[in-house]
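Since the structure comes first, as structure tokens, the remarks are kept for the end.
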Amino acid sequence: MHQHGPSDFTKSKKTLAKPNIRNIVVVDGVRIPFLQSGTSYKDLMPHDLARAALSGLLHRTNVPKDVVDYIIFGTVIQEVKTSNVAREAALGAGFSDKTPAHTVTMACISANQAMTTGVGLIASGQCDVVVAGGVELMSDVPIRHSRKMRKMMLDLNKAKTLGQRLSLLSKFRLNFLSPELPAVAEFSTSETMGHSADRLAAAFAVSRADQDEYALRSHSLAKKAQDEGLLSDIVPFKVPGKDTVTKDNGIRPSSLEQMAKLKPAFIKPYGTVTAANSSFLTDGASAMLIMAEEKALAMGYKPKAYLRDFVYVSQDPKDQLLLGPTYATPKVLEKAGLTLNDIDAFEFHEAFSGQILANFKAMDSDWFAQNYMGRKTKVGSPPLEKFNNWGGSLSLGHPFGATGCRLVMAAANRLRKEGGQYGLVAACAAGGQGHAMIVEAYPK
Amino acid sequence: MVASRAIGSLSRATASRMFRCPGYVCRNFTGSSALRSRTHINFGVKGDVAVVRLNSPNSKVNTLNKELQSEFMEVMNEIWASDQIRSAVLISTKPGCFIAGADINMLASCKTHEEVTRISQEGQRMFEKLEKSTKPIVAAISGACLGGGLELAISCQYRIATKDRKTVLGAPEVLLGILPGAGGTQRLPKMVGLPAAFDMMLTGRNIRADRAKRMGLVDQLVEPLGPGLKPPEERTIEYLEEVAVNFAKGLSDKKISIKRDKGLVEKLTSYALSIPFVRQQVYKKVEEKVRKQTKGLYPAPLKIIDVVKTGIEQGNDAGYLSESQKFGELAMTKESKALMGLYHGQVLCKKNKFGAPQKEVKDLAILGAGLMGAGIAQVSVDKGLKTILKDATLTGLGRGQQQVFKGLNDKVKKKALTSFERDSIFSNLTGQLDYQGFEKADMVIEAVFEDLSLKHRVLKEVIPGHCVFASNTSALPINEIAAASKRPEKVIGMHYFSPVDKMQLLEIITTDKTSKDTTASAVAVGLKQGKVIIVVKDGPGFYTTRCLAPMMSEVLRILQEGVEPKKLDSLTTSFGFPVGAATLVDEVGVDVAKHVSEDLGKAFGERFEGGNIELLKEMVSRGFLGRKSGKGFYIYQEGVKTKNVNSDMDGILASLKVPPKYGVSSDEDIQYRLVTRFVNEAVLCLQEGILATPTEGDIGAVFGLGFPPCLGGPFRFVDLYGAQKIVDRLRKFEAAYGKQFTPCQLLIDHANSANKFYQ
């Protein structure tokens with residue numbers, strides 16, 4: 001099924017292999033279906049989801065458990081009982097208890113950080129085989145007692161006499177009981193991400209209609225990909241006490257008329273970001289087997305893709321919170337020696353329609369490049385026909401810690417399916433950070 | 001603050017300099033108006049919404065001057081006459097300013113109160129037309145919306161404001177000794193309720209956009225935008241306009257109601273205030289409070305209460321009439337002229353007349369983490385200066401660091417800063433015990449103890465080649481400090497006032513050798529720290545301390561003559577000083593006062609005599625150092641608000657008692673003995689060239705020493721009160737006490753001629 005795709009364009013470089021640096025490959029990657037939070041996964045714990053992804057990866061790749069040198073997982077909202085969720089999941093998934101595991105966190109690019117940490121371990125010769133993944137369970141989040149209540153409870157623990165205890169208890173006030181909820185808000189600015197996205201859309205004059213239209217595109221493409229069975233990274237998950245989950249449940253192509261009826265969700269009453277053009281709270285997990293190329297070949301694998309150059313960027317968390325892709329894309333292209341035209345498959349994380357469209361406008365603006373990025377010219381915006389062709393976070397869902405692996409696998413699988421050579425993965429993250437990586441198809 | 005601009009400068013402007021909004025659409029518009037070039041207003045139409053954009057040329061702010069008003073009414077008349085237009089948006093395209101107020105020069109040029117009343121009535125009529133407009137008008141507010149600007153905004157049907165720090169609404173007229181004269185006193189109580197309206201008009205405080213929304217002063221908020229395809233400020237104003245246009249459409253289509261949902265508390269309050277008896281109680285309470293705070297020295301607040309009352313109790317017509325009449329009366333008062341003079345002076349003292357320094361100060365080092373050093377550090381890090389705070393001991397340093405942190409944290413509690421901003425500001429501060437990093441400092445400010453040999457040692461220890469050495473001393477002559485330096489052109493005095501984060505004044509002292517660039521550098525740093533700056537020549541006590549010293553000497557004598565500290569305090573505060581004279585000694589510190597009196601006494605001799613310095617010496621030896629030691633003339637206890645007289649002082653005072661002199665010891669005489677010695681010394685400073693201008697003298701006295709603002713400062717006081725009368729008083733006291741009261745030559749000259757310090 002060799003198609004004549006956009007890859008026939010003459011590339012700036014034949015390959016991104018570098019002398020004296022190990023080639024690092026993705027053997028394969030999987031994810032459990034991404035579900036809207038509060039649905040089938042709601043009674044599970046995060047490491048349960050991570051376990052399912054790991055088991056799925058074992059099943060898909062048949063990798064002997066004892067060859068795995070290291071396991072890294074990304075997660076954002078941590079379950080306090082399993083703060084090193086990578087270790088708990090690995091043990092529960094039957095990996096060798098001799099394989100160390102650690103957990104990383106970098107907001108929406110946590111899984112990307114897990115993967116690139118693995119790349120670093122392999123490139124420096126510390127490891128040959130790494131499993132990287134990510135997990136998020138938004139159905140259950142740690143809701144805490146207030147600081148005052150916590151303080152009183154801790155002091156009570158230390159109190160020795162009844163008198164001390166009573167005197168502590170006498171300080172109790174009813175407002176101590178009001179709980180603390182984790183918010184999807186920036187710690188530094190206290191602004192929720194949706195609010196920032198709405199301001200970003202306004203700053204770039206992205207209209208409500210354009211945002212709705214883009215969201216509809218994401219859902220329609222995801223539906224098509226789902227129907228055509230293209231989302232092959234999914235592994236079914238038999239949820240204890242429930243039916244086996246086999247597909248994502250957030251894909252809901254609607255009509256522009258229906259979407260136009262929704263009220264703004266953040267900047268009321270006149271904002272443009274709504275529930276329909278934002279990514280939704282999602283439960284899910286992903287995992288990926290990364291190896292040094294020679295190791296993979298020695299073990300008889302046919303890898304799917306190379307993981308090539310990558311960058312992390314960061315900028316103002318207030319006004320440029322979601323512009324990570326704009327900053328990261330030209331940087332990673334330059335680093336790899338490619339141009340935007342060399343890229344056959346773009347996989348960008350879609351936090352909000354408005355965020356994606358604002359990034360397009362920023363990437364297409366010389367003024368922005370010159371005044372904010374210190375560049376002479378714009379990088380240009382990705383052509384839509386190569387962009388998130390199998391849906392994106394808006395439609396497939398966005399379990400914060402797990403999305404990174406989905407993006408890389410989507411790029412790798414699309415390159416195989418559509419016949420391209422280079423894929424570009426990019427994402428924004430809370431804290432005003434961003435990431436981009438070049439994925440190169442493994443020659444068939 | 002209400003800002004003013006010279007009208008003359010406006011006529012030079014050309015239309016081509018106007019800012020044109022790219023979204024400008026003009027269609028279906030009858031008549032010539034939309035295309036006619038105007039000076040202050042750009043007028044376009046979006047669909048059926050008229051967009052009126054204000055931007056006065058050649059000025060940082062828009063003011064409601066005559067030209068702007070007439071252009072505005074011309075445009076409004078066309079809007080009302082047009083069939084195509086159904087609503088309007090009023091917006092300013094000037095960054096950081098909607099309308100900063102009425103043009104106060106308009107009032108200054110009036111000769112009679114009738115003239116001023118007419119100005120008020122014109123304003124009232126103009127805004128009444130807006131209020132009665134059948135086509136809804138939306139005020140889109142970004143930046144300062146003050147005074148007349150606020151009155152205009154509240155005449156509109158709807159208000160949308162940008163939620164940023166620059167956007168503030170307020171009625172600051174009272175600070176200029178006048179009242180909101182264009183319907184503000186009548187509309188504001190209806191809009192935000194009686195208590196909030198009184199608060200705004202009597203304090204003149206600025207209200208930030210988010211609070212204004214909660215109060216019902218604005219209807220919607222617009223978030224400021226970050227960078228997009230244009231600079232953030234430009235795009236934010238454009239966005240504000242887009243949002244406002246949509247609301248204007250919604251209002252004219254009746255899809256949006258101008259009625260606001262009131263909260264329960266608000267409903268209850270407005271119900272309570274509908275009962276006449278409750279209203280009477282409110283008037284009474286507010287009046288009592290105002291009388292207590294102003295001591296009858298400021299007429300404006302009482303008139304504001306009166307005018308509001310008239311409007312509510314006797315109806316609109318009576319209210320508007322009373323407003324315009326009282327406005328006219330107030331504008332003619334001495335108090336108002338004094339306060340407006342201070343306003344102008346403050347504007348002048350916020351400029352760097354020495355130009356930009358060759359090298360901008362970015363790295364600052366402060367020696368000494370005491371009260372002053374830490375205070376200077378706080379106002380510096382606050383504005384992004386990298387600051388080293390050095391002290392000799394870890395305890396001293398820790399105390400200083402805590403002071404800076406507390407100052408910032410208090411702002412967090414008041415929601416003026418976020419905790420994150422606090423942390424990031426605090427990271428500009430480095431506390432240390434050694435001189436590491438001083439080699440990179442652009443300026444070193446020393447704030448160590450008032451001891452010359454110590455300062456010399458520090459000056460020699462510091463040794464950086466390129467940097468400015470500034471001394472924060474209140475009395476030690478700068479040239480004596482500079483004597484130890486190889487680069488005296490780089491040595492300057494920067495006299496801050498305590499508490500540094502609250503007191504606005506900075507007195508900069510230059511010696512004959514100080515270079516202009518060093519002065520420019522010091523002024524630039526001071527302005528960055530948010531200070532109002534006077535630049536004076538070096539000499540014992542400079543300007544501020546020198547004026548204060550003879551008055552302090554008189555304070556001692558008055559106490560020796562048997563006047564109780566409490567009585568003295570009440571005499572001085574009722575004259576308009578914010579802090580009583582005895583309390584002031586306690587606040588400054590008795591040891592500091594002693595130091596200063598000794599130093600200046602030596603320098604100036606007989607003129608600075610009066611009270612016996614033994615009084616201060618005795619107090620120091622007994623440990624009565626004022627507030628800092630817990631005892632001075634009063635006793636200070638943590639958490640105790642009422643001040644008790646320190647009874648241990650009775651013995652000291654009794655031992656130094658002198659009999660009061662006949663004929664110069666009435667309450668009024670006591671007040672004038674204090675004030676005339678102050679004023680005489682201030683005028684002498686101008687005569688001797690310590691001061692460059694009377695304006696700086698007034699600003700220094702009011703903002704640094706608490707000279708009564710209602711008198712406008714010593715020089716304005718001489719002008720308004722009459723030089724001859726002051727000379728007469730001085731002569732009378734001179735007859736009783738001698739040379740300490742001999743009027744200086746310049747004052748005598750003014751008395752003999754019709755000369756005034758201000759033309």
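Glycine is treated like the rest: Cβ placed from N, Cα and C.
The active site, for hydroxyacyl-coenzyme A dehydrogenase activity feature in TrEMBL is assigned to B:E507. Residues within less than 8 Å, Cβ to Cβ, of B:E507 (active site, for hydroxyacyl-coenzyme A dehydrogenase activity) and separated from it by at least 6 positions along the same chain comprise B:G493, B:M494, B:H495, B:F497, B:I533, B:I534, B:V536, B:F542, B:Y543, B:T544, B:G700, B:G704.
The domain '3-hydroxyacyl-CoA dehydrogenase NAD binding' feature in TrEMBL is assigned to B:364-538.
The annotation domain '3-hydroxyacyl-CoA dehydrogenase C-terminal' is assigned in TrEMBL to B:541-636. Under DSSP, the residues of the domain '3-hydroxyacyl-CoA dehydrogenase C-terminal' (B:541-636) split into helix, strand and coil as follows: 66 helix, 4 strand, 26 coil.
The C-beta environment of B:E151 (site 'Important for long-chain enoyl-CoA hydratase activity'), restricted to residues of the same chain at least 6 apart in sequence and closer than 8 Å, consists of B:G123, B:F127, B:A171, B:P180, B:A182, B:G183, B:G184, B:R187. Following the DSSP three-state reduction, the secondary structure of B:E151 (site 'Important for long-chain enoyl-CoA hydratase activity') is helix. Look at TrEMBL and you will find B:E151 (among others) tagged as site 'Important for long-chain enoyl-CoA hydratase activity'.
Taken residue by residue with DSSP, B:E173 (site 'Important for long-chain enoyl-CoA hydratase activity') is part of a helix. The site 'Important for long-chain enoyl-CoA hydratase activity' annotation in TrEMBL covers B:E173 (among others).
According to TrEMBL, the site 'Important for hydroxyacyl-coenzyme A dehydrogenase activity' annotation covers B:H495.
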Within 10 angstroms of the C-beta of B:H495 (site 'Important for hydroxyacyl-coenzyme A dehydrogenase activity'), the count of other C-beta atoms across all shown chains comes to 25
Rounded mean pLDDT for the residues that make up the domain '3-hydroxyacyl-CoA dehydrogenase C-terminal' (B:541-636)
93
